[in-house]
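Below: one structure, written as structure tokens.
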Amino acid sequence: MAAANNETDKVMRLHKATAYNWEAERNKYKDIQDDGTMSFFWQAHTILVLVLSSIALIYVTIFEETVDDSDYNMKRGIIAMLVTFLAVGVTQTPDGPLKRPHPAFWRLILCLSIAYELALVWLLFQTVHDARHILTHFDTKLGKALEQKSYGGSCLLFDPNNTDPFHNIWDKMDGFVTTHFFGWWLKTLILRDWWLCMVLSIMFELLEYTLEHQLPNFSECWWDHWIMDALVCNGLGIYLGLKSLKYLSMKHYHWRGMWNIPTYRGKMKRLALQFTPYSWTDFDWRPLSSLKRWLAMLAVIAIFLLAELNTFYLKFVLWIPPPHWINLLRLAFFLFMGAAAMREGFQYLDDPTCKKFGRQAWMIIAIIITEFLIVVKFDWKTISKPLPPHIAYFWILGLLLLIGWTIFKFYIYRDVKSDLPEKSETFNGNPVPIQKSQNNGNRELRSRSKVTKSN
């Protein structure tokens with residue numbers, strides 16, 4: 001009985017264990033300030049922002065002459081409305097989990113994501129023609145149908161019949177090679193897990209195969225998919241990201257107030273370090289530790305891939321050229337949103353005291369869903385093109401294998417810490433199931449950790 005109770009205690013500790021010390025994380029931020037005082041840099045300045053905003057509105061109302069141009073006034077009014085909303089949000093919304101370069105920066109990202117989601121919802125109620133015309137207010141060159149580039153065609157690595165036998169390779173070496181590399185480096189810093197990055201990289205290449213009958217941009221040669229993209233660009237980006245993660249994880253984080261540093265060089269170095277993390281949190285997602293974790297990670301993968309697909313479909317539907325600054329701005333914006341969202345998502349899954357889904361995580365999911373709905377509404381004809389039979393059979397088989405493996409892992413084999421066993425002992429007055437299982441021909445005691453609540 002004593003041995004069984006000891007084993008049960010061990011299982012209970014395993015079940016309550018987290019991948020990160022969240023209590024130390026909460027205590028760490030209690031004294032986030034420079035030089036031991038609440039300096040000007042860390043104060044909210046809510047009254048100052050209110051005074052400056054009021055002065056700006058007073059100037060427009062009393063001293064500025066009214067311009068008799070409806071289009072000009074409407075644009076200025078929208079900009080003023082957005083600035084006012086951001087001023088309120090940055091000064092009044094709660095801090096997020098990230099602190100550098102300043103909590104106000106991440107509050108700004110949250111408020112911008114709210115404004116972006118509101119704009120997407122408004123755009124959803126327009127026609128595709130009006131939506132394309134609205135974008136011409138940002139750039140008059142927009143609103144014109146795009147010439148879709150296909151990266152397929154001849155897939156010869158060496159073409160002896162051409163003056164340049166490697167012309168097929170050079171034709172596909174465009175600016176997106178650099179974008180892929182740096183994109184996956186930054187994505188690795190956000191996801192902080194090599195297996196998750198590799199799964200997403202491979203899955204997106206499979207999605208390009210799947211959807212190349214809908215968008216010509218997805219049509220690529222086999223070596224473009226698996227050598228240039230998956231292995232070279234994505235692989236090297238992930239490798240560099242992992243090296244960066246290792247450095248950030250091992251770095252000693254000790255912050256010294258700028259005014260306590262005697263030299264100007266030291267002050268400049270401290271100022272530059274303000275744009276590095278205040279501390280570092282390694283993400284150990286533990287996807288197989290429980291059914292909840294496994295389903296959550298499947299959802300993370302699905303949402304991430306949908307965001308990637310939205311990038312291509314929105315360009316196609318709204319006629320935005322790939323190198324346009326709107327696309328680049330959206331990608332950069334998603335990197336900042338994703339950094340805060342993944343941090344919130346990890347804490348929600350790993351911290352037992354975190355009972356509320358993060359604000360930025362909630363917003364980015366809402367944005368991705370709304371973007372997809374815009375694509376569905378504006379170009380249903382394209383996205384509803386049926387899959388080729390062999391592609392459909394591939395995904396049906398993959399889905400069945402995924403469901404079958406999930407059932408086997410969590411309901412038959414049940415080799416996870418949250419399984420519910422057959423036979424039970426007690427822990428603090430509650431029945432804790434324990435069962436024996438066969439493993440490599442030897443019978444051993446396998447403990448289970450789910451506690452059945454007493455009536």
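Using N, Cα and C of the backbone, Cβ positions are placed for all residues, glycine too.
TrEMBL annotations: computationally assigned, not manually curated.
According to TrEMBL, the protein has these features:
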| type | residues | note |
| --- | --- | --- |
| TRANSMEM | 40-62 | transmembrane segment |
| TRANSMEM | 74-92 | transmembrane segment |
| TRANSMEM | 104-125 | transmembrane segment |
| TRANSMEM | 194-211 | transmembrane segment |
| TRANSMEM | 223-242 | transmembrane segment |
| TRANSMEM | 294-313 | transmembrane segment |
| TRANSMEM | 325-342 | transmembrane segment |
| TRANSMEM | 362-380 | transmembrane segment |
| TRANSMEM | 392-413 | transmembrane segment |
| REGION | 427-455 | region 'Disordered' |
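Same-chain residues lying 6+ beyond the ends of the transmembrane segment (104-125) with a Cβ under 8 Å from its Cβ atoms: 82, 85-86, 89-91, 93, 95-96, 98, 131, 134, 333, 336-337, 340, 359-360, 363-364, 366-367, 370-371, 373-374, 377. Comparison of 40-62, 223-242, 294-313, 325-342 by number of C-beta pairs under 8 angstroms to the transmembrane segment (392-413) places 294-313 first.
In this chain, the transmembrane segment (294-313) lies close to the transmembrane segment (362-380): three or more C-beta pairs between them fall below 8 angstroms, excluding pairs fewer than 6 positions apart.
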